[in-house]
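According to Swiss-Prot, the features are:
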- 17, 20, 51, 200: [4Fe-4S] cluster binding site (BINDING)
- 49, 50, 51, 52, 68, 94, 95, 125, 126: thiamine diphosphate binding site (BINDING)
- 93, 121, 123: Mg(2+) binding site (BINDING)
- 128: site 'Plays an important role in the binding of CoA' (SITE)
């Protein structure tokens, strides 16, 4: 049953710069989870450090504001403890592609049922506009004293190589389309990435709204491109075209669902195979004490090594 988006709005004051793409992303999240009818008690938003991390304060749920780059491992623990929760990671390109890059890759390899929303503005907005991992080489934004000399990371291509089974790209100012992408990502069974391009009006004076609008287009309007993998055999056939589309970034930037593998089993399904009953009785629902005493008492582990006076 659909809910009102107001059911997910907290009383916290939203602290972002005027015109920030984060507003569009937040509104898209509100509407996506409300149209999916997700109870706030069954929603967990995990964020890292950066402007994007504040999302955890603005959406009602069992949320967690993690350390820099550590949103994905925290979300992994949340999801494994209670696989019935809808877990969303909200992180910036610096947080998830920089210090958190290793965790980003690990999530794809596991294919755990978590949705990653990558707030991608190519700068570190919270710390005065340094170059983030997604800023192309030789671009000089107004906060930089000289052009960026690092090559940029391509988040969607990295996700494809790591094993994510749903990869999409949206634009923060196109809230209707972004809402639909988030809904599909949350419904997907497995690791999902939505790379959300957004202007940073305060620090990125190059990749502005005008810059993006001149380049972005939606792949579903392009005849002949089918990103959906329905059988294992289809992957071998479609992988080259999908990889080429994921590499496309410059004069033309594709938006929409770029890759969707519906054949690979999720990490939870694999756990169920080696731990029968995991899904029906996950760790979060199991008793941790009996008659006031814990099931596992640490003294029992070390009783043969205890030194008594």
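Cβ atoms are placed via backbone N, Cα and C, with glycine included.
Recorded features from Swiss-Prot, shown on the structure.
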residue : record                            : Cβ within 10 Å
17      : [4Fe-4S] cluster binding site     : 14
49      : thiamine diphosphate binding site : 23
51      : [4Fe-4S] cluster binding site     : 25
68      : thiamine diphosphate binding site : 16
93      : Mg(2+) binding site               : 28
95      : thiamine diphosphate binding site : 33
121     : Mg(2+) binding site               : 30
123     : Mg(2+) binding site               : 28
126     : thiamine diphosphate binding site : 17
200     : [4Fe-4S] cluster binding site     : 27
Cα proximity to residue 20 ([4Fe-4S] cluster binding site), best match among binding-site residues 68, 95, 121, 123, 126: 121
Residue 51 ([4Fe-4S] cluster binding site) and residue 121 (Mg(2+) binding site), distance between Cα atoms, whole Å: 11
Nearest recorded site to residue 51 ([4Fe-4S] cluster binding site) by CA-CA distance, among recorded positions 68, 93, 123, 126, 128: 126
Residues satisfying Cβ distance under 8 Å from residue 128 (site 'Plays an important role in the binding of CoA'), sequence separation of at least 6: 143, 203
For residue 123 (Mg(2+) binding site), the three-state class that DSSP assigns: strand
Secondary-structure category, per DSSP, in which residue 93 (Mg(2+) binding site) falls: helix
Cβ-centroid neighbours of [4Fe-4S] cluster site 17, 20, 51, 200, 8 Å, sequence order: 16, 19, 21, 22, 121, 125, 201, 202, 203
DSSP-derived class (H/G/I helix, E/B strand, else coil) of residue 51 ([4Fe-4S] cluster binding site): helix
Nearest of the binding-site residues (49, 95, 200) to residue 123 (Mg(2+) binding site), judged by Cα-Cα distance: 200
